[in-house]
């Protein structure tokens, strides 16, 4: 998770695939907690060649450009305007490139052919002993044995690399897309178990890809990185809203002015009574609300222990933690996609040591905290969210959160209890308060 946040907090996450110049050429976004969403990335092979090496024919094409070059002809008559070749002619694997529909068809043939294909070599995250693999100039594939994935007859693989790369379309599917003059060589990049364990995707990782053809194998480099954005409301920098919200003491109502004596008249007087003007009570300010909290605590104490309220002091604490959690039972809601409040960071801080009572627990609760649990639920596998009912929140060993990610619960040792948050009000007998005042008035002789 982001520093200081709950691992269950939902962010807008974007996985980006970059070219050799580290420009974004393909991206996919979704709302998920960090390190729980590992989609299949499907950029086209030719997208990686945008602004790339001259071999691919796209060195002057910017990222997100449309497929260049003339389309294929529909037949020997050449009915498509501006077409260059009949795409039904026999293909050769010579010059598989990206600059025309005809050459993209050749590239499709190379990447799917059992005797040809492509292979991928990792960049700087490879083991230190792989010194002979070279750098980006050799596409990290300077010698055989550097490849960790790809689609080639020897089936390159690895137990430690972060991704696997394959074709995302069959050759028959790709042929039709190529004839429609579109990008037609999409890849399927999947994260391995090793790749799902690392959290360095924000800075990015890089690979090289080379075609396996006769002669020198042409290649390119590409990268994968993650970006995330907080979806919660931004807190403005400015005056303390609590101070601004406090209301001043109401001024006393002015005394009514004495009525003037009416002039003497021979006419019959008519009694006119003024209509009362309704007055709206002023809205409660922060001070009123805080006082109401203390009054509520007093009423609860007076009902349960009336002898304690004959003379006492009830105080709101002036230092953290300002709240206590009371474990409760409740019915949470289950959502397949993250609701809006899952992206809001909690404004309160609380640890499980400040929770009392017995309530609903979720996860693998250790023996040290099982006293908080009246009922303990296990989560099923899957990607879904458990939202606390209104007026409650989840108190977890990682902090407070309005909703839980089942993915996070299942891949970590996180455990949570459903709680209500109550302000901390301390009780002091009069002797304690008087002693504090006496200390402040004593002076050393």
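Each Cβ is built from the backbone N, Cα and C atoms, and glycine gets one as well.
Listed in Swiss-Prot:
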- 1-445: topological domain 'Extracellular' (TOPO_DOM)
- 12: N-linked glycosylation site (CARBOHYD)
- 46-98: disulfide bond (DISULFID)
- 55, 86: Zn(2+) binding site (BINDING)
- 72-87: disulfide bond (DISULFID)
- 73-83: disulfide bond (DISULFID)
- 121-141: disulfide bond (DISULFID)
- 133-146: disulfide bond (DISULFID)
- 168: N-linked glycosylation site (CARBOHYD)
- 178-184: disulfide bond (DISULFID)
- 253-286: region 'Disordered' (REGION)
- 262-274: compositional bias 'Low complexity' (COMPBIAS)
- 268: O-linked glycosylation site (CARBOHYD)
- 275: O-linked glycosylation site (CARBOHYD)
- 275-284: compositional bias 'Pro residues' (COMPBIAS)
- 279: O-linked glycosylation site (CARBOHYD)
- 304: O-linked glycosylation site (CARBOHYD)
- 312-315: disulfide bond (DISULFID)
- 312-315: motif 'CXXC' (MOTIF)
- 334: N-linked glycosylation site (CARBOHYD)
- 334: N-linked glycosylation site (CARBOHYD)
- 341: N-linked glycosylation site (CARBOHYD)
- 341: N-linked glycosylation site (CARBOHYD)
- 341: N-linked glycosylation site (CARBOHYD)
- 342-396: disulfide bond (DISULFID)
- 361-373: disulfide bond (DISULFID)
- 403-416: disulfide bond (DISULFID)
- 410: N-linked glycosylation site (CARBOHYD)
If we skip the immediate neighbours and take only residues 6+ beyond the ends of the motif 'CXXC' (312-315), which ones have a Cβ under 8 Å from one of its Cβ atoms? 294, 297-298, 301, 425-430, 432-433
Within 10 Å of residue 141 (disulfide bond) (Cα to Cα), which of the disulfide-bonded residues 72, 87, 133, 315, 373 do you find? 133
Nearest to residue 98 (disulfide bond) by Cα, among 86, 178, 312, 334, 410 (recorded positions)? 178
Greatest C-beta neighbour count within 10 angstroms, which of the disulfide-bonded residues 87, 141, 403: 403
Roughly where does the motif 'CXXC' (312-315) sit in mean pLDDT, to the nearest integer? 88
Where DSSP helix means H, G or I and strand means E or B, what are the helix, strand and coil counts for the motif 'CXXC' (312-315)? 0 helix, 3 strand, 1 coil
Between the Cα atoms of residue 73 (disulfide bond) and residue 178 (disulfide bond), find the distance and write it as a whole number of Å. 12
Argmin Cα dist to residue 416 (disulfide bond) over the recorded positions 304, 312, 334 returns 334
Cβ-Cβ neighbours of residue 416 (disulfide bond) (radius 10 Å): 26
Rank aside, I only need the closest one: which of the disulfide-bonded residues 46, 72, 146 has its C-alpha nearest to that of residue 342 (disulfide bond)? 46
Same chain only, sequence gap of 6 or more: which residues have a CB within under 8 Å of the CB of residue 178 (disulfide bond)? 72, 87, 101, 104, 105, 108, 184
